[in-house]
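Visitor: Below are the features I grabbed from Swiss-Prot:
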- 90-101: compositional bias 'Basic and acidic residues' (COMPBIAS)
- 25-101: disulfide bond (DISULFID)
- 46-82: disulfide bond (DISULFID)
- 70-96: disulfide bond (DISULFID)
- 24-101: domain 'Kringle' (DOMAIN)
- 90-122: region 'Disordered' (REGION)
- 1-21: signal peptide (SIGNAL)
- 22-166: topological domain 'Extracellular' (TOPO_DOM)
- 188-261: topological domain 'Cytoplasmic' (TOPO_DOM)
């Protein structure tokens, strides 16, 4: 099982190298062909893909990129192609040189499968690996190629981001400044209002303490327990008040105590 995984990894790496044009040939109509072939035929040079598409009114979106090499973005059965300058000066499609890889998959697959079975049957001793130059089957190539195509399309789309321009940057900076000013105004307004309220509370407490200090003696005099009560004074004199004597009211005894005196 381990040998099968090792063989699969080696074959996948070889397939990726071939798909990116490291050997100059291509598989499956060259949809993933990436070799630097700038001329479809002697005497002709490929035009830049972006310039050629901008010069055509009904040019499809190829997504080949900003270069002038042979590619096959529309999966043309004839293989990679490019735009060349026609007789009238208009860009026209021209197939590139057919550089298909030799079809050795039918021979390589049984050989590699047999070698894998033989390696699995060896009970011990030296391990036998499949040759590194064995090419994979077309089913394996088809399973790996779509992932590469998606990554290529994502890479092209990331490069085609539009620049906002000077006006966009100015508007963005202006909005940021406005937001910062509004936030600073809110903070300053809250701080000022809070300080004003605290100052008013402090002044009110000072006034209350001053009023208490002024009104304290008056309250002491109005206290019922401290009121002064006026008392009546009785004066006793030493001399007796004279009494008028009337007739018949004289006493029978004098002061000396002698009757009839």
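For all residues, glycine too, the Cβ spot is worked out from N, Cα and C.
Burial and contacts for the listed features, if you can.
Guide: Following the DSSP three-state reduction, the secondary structure of residue 101 (disulfide bond) is coil.
Around residue 82 (disulfide bond), taking its Cβ as the centre, 27 other Cβ atoms fall within 10 Å, counting all chains.
In sequence order, 37, 39, 40, 41, 46, 70, 79, 80, 81, 82 are the residues near residue 96 (disulfide bond), counting only same-chain partners six or more apart with C-beta under 8 A.
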Visitor: Helix, strand or coil for residue 82 (disulfide bond)? Use DSSP.
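Guide: Note: residue 82 (disulfide bond) is in a strand by DSSP.
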